[in-house]
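Worksheet for the structure shown next.
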Amino acid sequence: VLVSIQHFAQGHLNVKIMMAGSTLRKVKSRSWKKQRHFRLLEDGLTIWYKSRWAGRGHSTFSVTELEAVREGHQSEVLLSIAEEFPANLCFTLVFHGRQGNVDLVAESPEEAQAWIQGVRKLIHKAQTMDEKERLDQWVWDWFQKADKNKDGKMNFKEVRKLLKMMNVDMNEEHALHLFTMADKSDTGSLEIEEFVHFYKILTQRDEVWKVFQDYSGDGEKLMLEELENFLRIEQQEGEQSAQHAKELIDRYEPSETAKKQSAMSLDGFQMYLCSQEGSIFKPEHRHLYQDMSQPLSHYFISSSHNTYLLEDQLRGHSSLEAYIQALKRGCRCVEVDSWDGNDGEPIVYHGHTLTSKILFRDIISTLKEYAFKTSDFPVILSLENHCGVEQQTVMAQHLRQILGDTLLTTLLDGQIPQQLPSPQELKGKILLKAKKIGGLEDCNDETLTDEVSDDEEMANGEAESPTAEDPPAGCLKENGKSKLSRELSDLVVYCKSLHFHGFEHARLHAKCYEMSSFSESKAKRLTKEAGTDFIRYNTRQLSRIYPSGLRTDSSNYNPQDMWNVGCQIVALNFQTAGLEMDLNDGLFRQNNCCGYVLKPDFLRDGDTQFSPDKPEGRQGYRPLRLSIQVISGQQLPKVNQKEGSIVDPLVRVEIYGVPQDQAKEETSHINNNGFNPVWNETLNFIIHTPELALVRFVVEDYDKASRNDFIGQFTLPFMCIQAGYRHIHLLSKDGTAIPPSSLFVNVSISEFT
């Protein structure tokens, strides 16, 4: 016990040091290193910093925006100044989503440790807060923001300002009425307890109260049986309702009195509805719930294109952080474009462009460290090789030395496979996808030549990299073929890159470990001309799709068309936020975000008759009706930071799936209310192929003069939707959470007859 108390006090000590403040050096590059004064504010969540000399300007960020603290020289920037500052002074704050890291250097090792341990403690605290603490924290944050003169009280003028900040447009009388109700001490200002009461009155949810009233006999509480009825009838939970009702009261009911009576108050009911269990996403689908023992070709695999870029394809910054971010998002197929470097060391960049260059071996070290932090399932390293034989051999040495046993270099059981191994069998392994001399069958040494540049080439006049059709520098050509290094070739086992010669040729001659890459336009064409053939091909072999070479801005194509025909490795620019990445995040949000999702059975059957254009033609065709009543929104973020501007929100529901399922419906917009808009509008859809459909909820700020502004979104597979009264917790454009912003909906799913 003593040890843990000391440990706790030590934890507090670090937090005290942070509150007192420290001068830390913020480092952006070898030449940009500036001192900044950092401190933790009283709320224990906000980190504030400013340059010592500047007058008023300062910046803040919240601990909730942080994902981790890295200790020592754990970023490219800190590695570049390692000579100047020892590792025990250095640390890196890593943010969620695509926000850049902050690299810092402390003045002493002790101070560095205080910040590293202190911030880690606070991150842990922030992540383990329950719904109630989170709400209290949120209220306290608002109180701090609005208490302009910092006297710990809030007068009516400050409250009016606060309402504007909170996206509420309320007439003076009503605001004053609420203010007076909360001002129990009659002092003309609210202290923190009174403010909490004010906030409660403000956030009272009539629409939740109405649902509560429908099931509550006395209008005060839901008895166990009443809650069971609600779960059975509205939430469609069937048999498990009785057991679940007990658990929910235990978990969410704040009042001990109610708990003793096995009852739930309105507060508890609202807390349950706002929790993960009350969310639209089926909790059992968040975990690893799929069979992971089928061949690799039976899964959709989360895949990144030009993984080394953080920005666009022409001038962008190549970075190891880009690999870390993609792997963190659950990506399981990363790409490396390698070129001959000057000093015998292969480099990675987007060839013949101004993107910066990184060493191949540094990427492999990063891969070794981060490959399996988010998921244990295999990572495919897709190599687009432009190196001459010598540096190809250097790459092979790096792969063997750095990755060691993690790199798969031999057949799993020594047998030539008839089908690909499973994600389960390949756990913790990295697979190289590249050219190979000959096949797994013939381990002969007679030929050292092969067509070299990857097959991402001129199949339809569209190169993946600007000159993928040129032979790599330093490759000697003999009779039109260029040389491959035997050492590199030998590392390719289950992912041999090959030029595609048509479905018929593949059916007769192809091996399961041979795979081709298709540009988005070629894949689209094949989908249209021979959708069912493509699906059958994809039951046995992997196919990789990549964005058109014309997308120099790193924009993305819609992955749904490719998933519809069972393509597994649909590579997207992970660095580019937007609809396409929302769909990718949405599909892979299930199954523990492990980066592998089992394809529906009709995309795994080699004799399938399924065609995305004729969904009614398949066995087991059962269309469903999806009806979504969009009830209300809660505390939507401000889009425009201008003082006094308040959003006019509307909700759009978009369906992505087979062509017949693509649809969009939207509500009308509500003027000037981002705080608690109520729509009460129902949107209806028919879903022909539920197993392939994704549903995207988008909230926008209506603007009649120009394009609507994006407020937030959430995307999930149709098969992961829970029916009933549900909250949808919105995400930012970047895919990170923006609590407590949500939508409240009532979903019903029924057979379409």
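Cβ atoms here come from the backbone N, Cα and C positions, even for glycine.
All TrEMBL annotations are machine predictions without curation.
Features of the protein shown, as given by TrEMBL:
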- His305: active site (ACT_SITE)
- His350: active site (ACT_SITE)
- Asn306, Glu335, Asp337, Glu384: Ca(2+) 3 binding site (BINDING)
- Lys433, Lys435, Ser517, Arg544: substrate binding site (BINDING)
- Asp701, Tyr702, Asp703: Ca(2+) 5 binding site (BINDING)
- 445-459: compositional bias 'Acidic residues' (COMPBIAS)
- 16-124: domain 'PH' (DOMAIN)
- 488-604: domain 'PI-PLC Y-box' (DOMAIN)
- Ser185: O-linked glycosylation site (CARBOHYD)
- Thr187: O-linked glycosylation site (CARBOHYD)
Completion exercise
For Glu335 (Ca(2+) 3 binding site), the close recorded positions (Cα within 10 Å) drawn from Ser185, Thr187, His305, Ser517, Asp703 turn out to be His305
Problem - C-beta crowding around Ser185 (O-linked glycosylation site), within 10 angstroms - result: 11
Practice task
Provide, as an integer number of angstrom, the distance between the C-alpha atoms of Arg544 (substrate binding site) and His305 (active site).
Solution key: 10
Completion exercise
Among the recorded positions listed as Ser185, Thr187, His305, Asn306, Asp337, Asp703, within 10 angstroms of His350 (active site) by C-alpha we get Asn306, Asp337
Problem - Residue from Glu384, Lys433, Asp701, Tyr702 whose C-alpha is spatially nearest that of Thr187 (O-linked glycosylation site), among the binding-site residues - result: Asp701
Handout entry: Candidate nearest Ser185 (O-linked glycosylation site) in space, where candidates are the recorded positions His305, Lys433, Asp701 and distance is Cα-Cα
Key = Asp701
Practice task
Consider the recorded positions His305, Glu384, Lys435, Ser517 and say which one has the Cα lying nearest the Cα of Asp703 (Ca(2+) 5 binding site).
Solution key: His305
Completion exercise
Summed over the domain 'PH' (16-124), the DSSP helix, strand and coil counts are 32 helix, 39 strand, 38 coil
Problem - Within the predicted model, mean pLDDT of the domain 'PI-PLC Y-box' (488-604) - result: 97
Problem - Distance from His305 (active site) back to Lys435 (substrate binding site), taken between C-alpha atoms, in Å - result: 18
Handout entry: 8 Å Cβ shell about Asp701, Tyr702, Asp703 centroid, Ca(2+) 5 site members excluded
Key = Val647, Asp648, Pro649, Leu650, His669, Glu700, Lys704, Asn708, Asp709
